[in-house]
Ligand SMILES: NC(=O)N[C@@H](CC(=O)O)C(=O)O
Ligand SMILES: [Zn+2]
Ligand SMILES: [Zn+2]
């Protein structure tokens, strides 16, 4: 029998306090006060005064590195980090070794995720065989596998060939899939190391122009319109990209877009210290771009925040900038960065955070229905996927103390607001008192 939890005085979506009863995997009661009389023996009462309850967070863009780079992250360590960050579902990117471009690989990732038990793992399927950008991968077989893939991406590489991109967009319509594009014109970014601008000129690193991202987004929204398909733009990072997505949506094109926490707060000024922790793809941009993506997220042009959690080995980051790998971790800091940049600044409410970090990503990934539905409202009868966050807490980020197996967080030493106190996956606690519940994997 599963544990019954009574959450006392919690604030659903930051609203008025209420008592919530989680029982047999679902939210059973939401009332001003729930009396403990008559509750099953062994009911665990959590005094949640001042805590905000959100639907379990859903990440549309996580790199779990398994299979192939288990030295940097495994499905178990990455999903444990996700639970610690308040997530109940993640989409695992396809740029593994081997690439997740067959039904066999996506089913393996899905099974390992299920066995680990921390969050629901939804594998992303590659668009092209081996991410090589030449031949379409077996999208249908992945969609109809046990992993039920709906999101397809060559992330890390751009689907550059417009004919291949067109075919992928056409193909995924058959199973209501979406192509998630890493928008990067490869010829315009050969050898690029950081954002092209004043800072790149001053520090002498090769620049990566905004137009390299924007040109692909412009092309792809027109392709999506032409074939009547769904497009998702990964980790959008420039003011011009926000404008393009705004224009496309105004025209009725079925496009969605994501921004990462780091692009909401960090700028290319950080490259001045040549610390490769700040080397990422797409690169950190200017303050004007940061302002534009914040505005785009607040006004709904950008649909979601996705972490692009990209763990890397020490040797791939403890080296000179030009030799270092692109990417930074993010699962355990995402909610805090969104709180700091969007909630504490008055741009968004907690209900808006639920929308951009749970409801919308679940809908884009088509995981918002069925037995394992995610991103559902906090209502009686819905699955008990929840995160409890203490918005008044302040913590100093320490890479070594995180659950991820890698330490390439850009926020080491930063004070960030907010702390995940508890996470529930279908009524089962994965995190309690701010710490992962050790019996999670074993309980299955
Ligand atoms: N974001 C990154 O800088 N790196 C990602 C790939 C990607 O998201 O493009 C990775 O896999 O390391
Ligand atoms: Zn990418
Ligand atoms: Zn990525």
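The backbone N, Cα and C atoms fix where each Cβ goes, glycine too.
As recorded in TrEMBL, the features of this protein are as follows:
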type	residues	note
ACT_SITE	308	active site
BINDING	61, 63, 155, 308	Zn(2+) 1 binding site
BINDING	63, 64, 65, 95, 281, 312, 326, 327	substrate binding site
BINDING	155, 182, 235	Zn(2+) 2 binding site
DOMAIN	52-238	domain 'Dihydroorotase catalytic'
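Shown on the structure are the features that TrEMBL records.
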residue	record	DSSP (3 states)
61	Zn(2+) 1 binding site	strand
95	substrate binding site	coil
155	Zn(2+) 1 binding site	coil
182	Zn(2+) 2 binding site	coil
281	substrate binding site	coil
312	substrate binding site	coil
326	substrate binding site	coil
Residue pair residue 312 (substrate binding site), residue 235 (Zn(2+) 2 binding site) - Cα distance, angstrom, rounded: 18
Of the recorded positions listed as 95, 182, 235, 281, 308, the one whose CA lies nearest the CA of residue 61 (Zn(2+) 1 binding site): 308
Those binding-site residues of 64, 65, 155, 327 having Cα within 10 angstroms of residue 182 (Zn(2+) 2 binding site): 155
Other C-beta atoms that fall within 10 angstroms of the C-beta of residue 61 (Zn(2+) 1 binding site): 28
Close-lying binding-site residues around ligand 2 among 64, 155, 182, 327, where CB distance stays under 6 Å: 155, 182
Site with most surrounding Cβ atoms, counting all protein chains shown within 10 Å, from the binding-site residues 95, 281: 95
Same chain, 6+ residues apart, C-beta under 8 Å of the C-beta of residue 235 (Zn(2+) 2 binding site), given in sequence order: 61, 182, 258, 259, 260, 263, 282, 306, 308
